[in-house]
Each structure stands twice: as C-alpha cells, then as structure tokens.
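Colleague: Let me begin by handing over the structure; questions about it come next.
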C-alpha cells in the first residue's frame, strides 16, 4: 500500500471542543472562584466609562503614560475589574498590551490567569503573533488549551513552523488531542515551508485523528511536492468516494504534476473529474496544460486546446498567448507564432518583455537577424529591453551567428544603462569571440570575469584553451583555470 493511500484509513465523529473565540472576553472579576460583590456590580458602569475614556486618551495623546495618573489621581488603574473593561473597549490590541506593560512597570500589579488569557487571546485574534510570542515569553504563564491550539494555528500561518510544532507537542504532552483544524494548520505550515520530512513525521502521529477535505488537500499537495503525483491522484479518488472534495487548488496541482511528467491520460482524467465536481478550470490551469504539452513537444495538441478555448467563448490572456507562441517558436513554426502574436495585439494585449524575448530567441534560431533586430527595436520603443534578460538574449543570439562585435556593443551599453553583466553574459561573449578567432578579446573578457569573482563555464574555458592551442597544464600555469 502506498504512503498516501495508507493514511486514508478511517473517519471519526467530530469531537466536542471549545471554540477559542468563545472564551471569556468580557472579564468582570479576576478569579472565577470569587463571587462578585454588590459594590463591584454597581461600579461596573463607571469602570466601563473610565475604560472608554482611557482608550480614547491612549489613541489621541502621544505621551499618555506621563499624565494618566495625574489626570485621575484617585483612580486605581491596577484594579483587575478595570483592566478587563479596558480590554473590551480597546479596539487596538497592541494598545492593550502597551497599557498592560505600563501597568506592570508602574504598579505592584500581578495579573491573574484570566487577564493573561484574555490579553493573549486578543493578540491571537488580532493576528499579532510575534507580540503574542513575546508576551508569552516575558510573562511565562500557561495559556488555556484552546488558546494554545489557536496559537499553533497562528504560528503556522506566520511561517513559524518549528515554534508551532513545539507548541503542538506541548499539547500532546498535556494529554490533549488537538483538533483537526490545529493538526491541519501545522501540516500546511510544513508544506509552505517546504519541510516534507517534518510533514510526514507529524502526519504519522496524526493517523487516528479526523480526516476532512483540508487534510486530503494537504496530503495530495505533499505527495505532488515529493514527486508522487500518481499516489496523489489515487488519494484524490479515495477521498472523492468519501465525499471529500479537496478543491480547485489540488486539481491544478495534479494537472500540473502530470503535465510535467508527460502523463496526459491521467491529466485528462483529473480535468474531467474536476469539471464533474463543479470546479471549472481557470485560465491558469489551461495555461499549465498548454505549457506542459509544449514542453513535451506536443505543440499540435496544445494548439487544439488553445483553439477549443476560443471556440467555447473563453478569452485566453497574454500569458496563455505567450505560452503558445513560445511553443511554436521552440518547434520552429515562426509563421504560426507571428500569427498568434498579431492576434494577441489585435485583441488589445500588449506583449511584455518576456514575449518579445520569446520571439527574438525564435528568430535567432532560424537565423532571421533582420526580424530579430525589428522585434528588438520595437521592444525598446515600447519601453522594454535594457534588462539582463533582453541583453543576454541578444548577446547569445548574435554570438551564435558570428556577430560578436554587435554583441559586444550591447555589452558596452549595459554598463551605460545600469545593467550589470553576469556570468552568462561574459561566457557567451568569450565563446563568441573564440568562435571568430578573436582570442585576445576573449582572453581579456575572461580575465575581467575572473576579477569580478564570477565563474567561467567549461565551454568558455575549453574555447579559450582550444584557440590558444595550449594544454590544460599550460592553461593552469597561466591562471586560466575554471574555478
């Protein structure tokens, strides 16, 4: 049984648990063990009004800490009843934390567990995760289990995966079975952080917990990220039999994965399953399919999908057009590529720099230099070009066609326009000069490349050695080593 399949073993009835958002947020006494006194109940209104007044002062006065006591000399700000009312009336939880720290530093104030839990929960509700972590570290108190579960979720969402796992383990050591939401949040955090080993370690500990659509989504994503796309598909089919639909993202993930490995039969099955479950493929998914087909030299099949999209009333965007144009260029079908190019422009989609470079590269492969220069000049007129991508495309193309001097002109213009040449730029020029027996120019660039701390390619090194007609030992003695 595959790893993914073995995890879909059983489903458990939902456990009754506290909702962390339904904890006490309206503190009236510091301890639940103490009954409210009549005078405390009578003063509740005054505490509420005072809390509103202080909240306003904190928002509007920059140095409220220096004047608050003198403004209200007879008021006991350390009264736990007041602090509870302040937490309710203050919209900004960071202001509440600020007041708490001021209270602790100016009064002999020892907050009780209820106040601490309320403030900690408010920080989590406000997604102030780092502040909540600092608060927990400085106070050293032990939050309620429901808050710890919420804390795990917040840490995971913030990308603090190891911290989330640590708190999750604290709950486990306390004998508390975390909810399916908490478990899923930790697993999803591992996926986002690309920690697949940690994902599978944790999931093995969770095999008896509840399964839901989110868990299936996490498992399939993990299998696809690990290269087990087929196992992910099998898990999808099992989940759907149980009525667990993982959503459009998972279908897109599987489709992309099958496209990358060239399994178009399974890709088609996933696409039809997706539609059957009322998830209509987005243009992004169709772009992935077209790209995958083109990568596997199936441009005709890709164009059939592209054409069907238009026939069915879809409007392919610039990315889809560029993907199809690139596929045609890679195949050498430049006439078809240009036809789509002008169709795209006619529909109001302006080509971007990447699209121009696709066409330039395609025409370089065919040796159509005049068309290359036409596209390049048009790109410059439209405000593109002058970047590392476009400069390297032109330099490599010119050098491959014996036009290293033209390539060198672009190289010189790079520094004038603030574009710093990289190793690809230098290596292309070195090979280009050597190809035209301009070894001195190539050697000069080689030394410049080394001086900049960049690494020459093996092909550039071999071209120099070959044209200088020297052995590797002589080249090494002249400091022409690769590394």
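Just so you know, glycine gets a Cβ as well, placed from its N, Cα and C.
When I checked Swiss-Prot for this same protein, it listed these features:
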REPEAT    144-178  repeat 'PPR 1'
REPEAT    179-213  repeat 'PPR 2'
REPEAT    218-246  repeat 'PPR 3'
REPEAT    247-281  repeat 'PPR 4'
REPEAT    282-316  repeat 'PPR 5'
REPEAT    317-351  repeat 'PPR 6'
REPEAT    352-386  repeat 'PPR 7'
REPEAT    387-421  repeat 'PPR 8'
REPEAT    422-456  repeat 'PPR 9'
Colleague: Any idea what the model's mean pLDDT is for the repeat 'PPR 8' (387-421)?
Modeller: 93
Colleague: With DSSP as the reference, give the number of residues of the repeat 'PPR 3' (218-246) in helix, strand and coil.
Modeller: 21 helix, 0 strand, 8 coil
Colleague: Per DSSP, what is the residue count of the repeat 'PPR 4' (247-281) in each of helix, strand and coil?
Modeller: 27 helix, 0 strand, 8 coil
Colleague: What are the DSSP helix, strand and coil residue counts for the repeat 'PPR 1' (144-178)?
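Modeller: Breakdown, helix to coil: 26 helix, 0 strand, 9 coil.
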Colleague: Per DSSP, what is the helix/strand/coil residue tally across the repeat 'PPR 6' (317-351)?
Modeller: 27 helix, 0 strand, 8 coil
